[in-house]
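As given in TrEMBL:
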ACT_SITE  74  active site, proton donor
BINDING   61, 62, 63, 64, 65, 66, 67  substrate binding site
BINDING   72, 112, 115  Zn(2+) binding site
DOMAIN    20-157  domain 'CMP/dCMP-type deaminase'
Ligand SMILES: [Zn+2]
């Protein structure tokens, strides 16, 4: 028997400690939450992706009366980015969320498992790390790549 310990590194920033570019991206994610369509959960999520060409693309969660037909903000953002700019890597993805009281979350917003999988595919597709910024009022988590968010992940290489 052996142990395998996988460690992930997270940097925690105050908003003021972020670079101007990261503040701009996080502001875009926070603003996007106000364009969320969340009549069922009242949980408003916004994401903003900075592409290699410096374009910022945003997205929000889009719910549906047939619940599984809706989609998370992270995936609406990445699918739109990859549809509009298929040759542009995503350098950084910032995510923010507000609760049913309309308040930004105290703790950093963790992406769901399905979004992590899509984020991983985006990172693998462009063969370069995609930084992740997760907004929380108490601190902003920075992960240097998606693998840190999804250790022991399944990707195309798993099928070889
Ligand atoms: Zn999700």
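Our numbering is plain: 1 for the first residue shown, then up by one each step along the chain.
Glycine is treated like the rest: Cβ placed from N, Cα and C.
Location within the structure of each feature annotated in TrEMBL.
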residue: 61; record: substrate binding site; DSSP (3 states): coil
residue: 66; record: substrate binding site; DSSP (3 states): coil
residue: 72; record: Zn(2+) binding site; DSSP (3 states): coil
residue: 112; record: Zn(2+) binding site; DSSP (3 states): coil
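Same-chain residues with CB within 8 A of the center of the 72, 112, 115 CB atoms, the Zn(2+) site residues themselves not counted, are 73, 74, 75, 111, 113, 114, 116, 118. When the recorded positions 72, 74, 115 are ranked by how far their Cα is from the Cα of residue 63 (substrate binding site), 72 comes first.
One way to see the shell of the substrate site is to take the Cβ centroid of 61, 62, 63, 64, 65, 66, 67; the remaining same-chain residues with a Cβ within 8 Å of it are 37, 40, 68, 69, 70, 71. Cα distances from residue 72 (Zn(2+) binding site) to the binding-site residues 62, 64, 65, 66 are smallest for 62. Within 10 Å of residue 61 (substrate binding site), counting CA to CA, the recorded positions 74, 112, 115 contribute 74. For the domain 'CMP/dCMP-type deaminase' (20-157), residue counts in helix, strand and coil come to 50 helix, 34 strand, 54 coil, using DSSP.
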